[in-house]
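Per Swiss-Prot, the features are:
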- 2-56: domain 'ClpX-type ZB' (DOMAIN)
- Cys15, Cys18, Cys37, Cys40: Zn(2+) binding site (BINDING)
- Pro120, Thr121, Gly122, Ser123, Gly124, Lys125, Thr126, Leu127: ATP binding site (BINDING)
Amino acid sequence: MTDKRKDGSGKLLYCSFCGKSQHEVRKLIAGPSVYICDECVDLCNDIIREEIKEVAPHRERSALPTPHEIRIHLDDYVIGQEQAKKVLAVAVYNHYKRLRNGDTSNGVELGKSNILLIGPTGSGKTLLAETLARLLDVPFTMADATTLTEAGYVGEDVENIIQKLLQKCDYDVQKAQRGIVYIDEIDKISRKSDNPSITRDVSGEGVQQALLKLIEGTVAAVPPQGGRKHPQQEFLQVDTSKILFICGGAFAGLDKVIANRVETGSGIGFGATVKAKSDKASEGELLSQVEPEDLIKFGLIPEFIGRLPVVATLNELSEEALIQILKEPKNALTKQYQALFNLEGVDLEFRDEALDAIARKAMARKTGARGLRSIVEAALLDTMYDLPSMEDVEKVVIDESVIDGQSKPLLIYGKPEAQASGE
């Protein structure tokens with residue numbers, strides 16, 4: 001039997017690299033007088049991939065931004081919270097400098113500086129952590145502390161956090177060990193009182209105990225597929241001492257704990273300083289004075305607090321800050337919706353009074369920056385529903401009355417005779 005190509009010639013083709021014939025492989029790719037089979041292509045890909053892995057750590061070593069550069073990058077995406085940005089910039093820089101130079105410097109062992117972010121909802125805690133990970137080009141994952149339980153109980157094991165991080169970097173252990181983990185709602189795992197409980201608290205103090213070693217640094221055995229359902233599979237060994245943990249929470253009521261401590265320490269009698277009610281510190285001012293003893297009273301155990309030596313407090317966003325958030329960051333909400341409307345070939349304009357109205361509504365809801373999107377979405381819903389079916393619309397204008405629900409957006413048409421209001 002004669003082997004023939006589709007073009008009718010009787011020549012049998014062979015891979016120029018491994019020598020296999022066209023019938024021994026699935027695919028043979030032709031070049032100028034040379035051929036390569038699919039098996040050799042796969043082998044080349046594997047070789048290149050391994051070389052990239054070896055080169056990547058050297059590239060990362062030379063790419064560590066300074067605290068000033070980190071702060072400038074955060075300014076592009078996060079409005080306000082200047083002190084928190086400075087604290088985060090220094091802590092993150094020191095953490096990755098420690099990784100780059102090893103755990104010791106001149107015989108001195110460098111400790112790990114995990115971070116605790118304290119601030120009201122919608123103040124930018126999650127956004128700060130996400131922006132840092134994006135700047136440093138490291139794997140990033142978020143975990144909700146309220147879903148975690150002690151091992152052996154219904155809920156997520158704390159090791160599942162590391163498993164999620166591995167998923168983000170395609171189970172590359174070396175890459176995962178340079179990652180950032182953000183644990184949200186950390187205040188929700190506080191114990192019910194500051195006295196040790198005689199009953200088992202599997203979702204509060206129990207989770208704090210389970211997180212201790214993970215945050216401080218241990219070699220966690222993580223199943224590649226996660227969970228507790230595959231006990232026989234080979235486990236991945238991940239050194240968590242190289243992972244930066246950032247914990248965040250609103251800590252509602254912590255300001256009262258701090259106020260009680262501050263007022264108690266102010267003294268009584270003839271030498272005491274008498275303060276008028278108007279002199280009472282704001283929530284942000286009180287949170288900036290937080291001490292470990294306040295967090296213990298709130299319900300965090302001392303050992304857990306000790307693993308989070310860097311504390312940054314975030315202030316509640318003012319109306320002016322919310323207006324800035326709407327229009328100034330690189331991925332500002334108004335810019336996102338304008339880009340969305342541009343895909344339909346329509347310009348979207350937010351007038352200044354509309355931005356003021358959005359900020360006022362968000363302040364009234366006490367949801368911070370998180371509530372801005374829902375307000376804008378509600379105002380634009382009908383327009384986004386109708387716009388794809390409409391013709392000749394060139395521009396949509398949003399003013400204060402639209403945000404307040406008193407009128408519909410103004411639609412400006414391309415043809416002057418067809419110009420009309422959406423009312």
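Glycine residues also receive a Cβ, built from the backbone N, Cα and C atoms like all the rest.
Working note on the binding-site residues Cys15, Cys40: by count of other C-beta atoms within 10 Å of each C-beta, Cys15 ranks first.
Comparing Thr126 (ATP binding site) with Cys37 (Zn(2+) binding site), their Cα atoms are 48 Å apart once rounded.
Cβ crowding, taken as the number of other Cβ atoms within 10 Å, peaks at Cys37 among the binding-site residues Cys18, Cys37, Leu127. Remark: of the binding-site residues Ser123, Gly124, Thr126, the most isolated position is Thr126 (fewest other Cβ atoms within 10 Å of its Cβ). Confidence across the domain 'ClpX-type ZB' (2-56), taken as the mean pLDDT and rounded to a whole number, stands at 78. Taking the Cα atom of each, Cys37 (Zn(2+) binding site) and Thr121 (ATP binding site) are about 57 angstrom apart. In this structure, Pro120 is the one among the binding-site residues Pro120, Gly122 with the smallest number of other Cβ atoms inside 10 Å of its Cβ. Take the CB of Lys125 (ATP binding site) and look out to 10 A: across all protein chains shown you find 26 other CB atoms.
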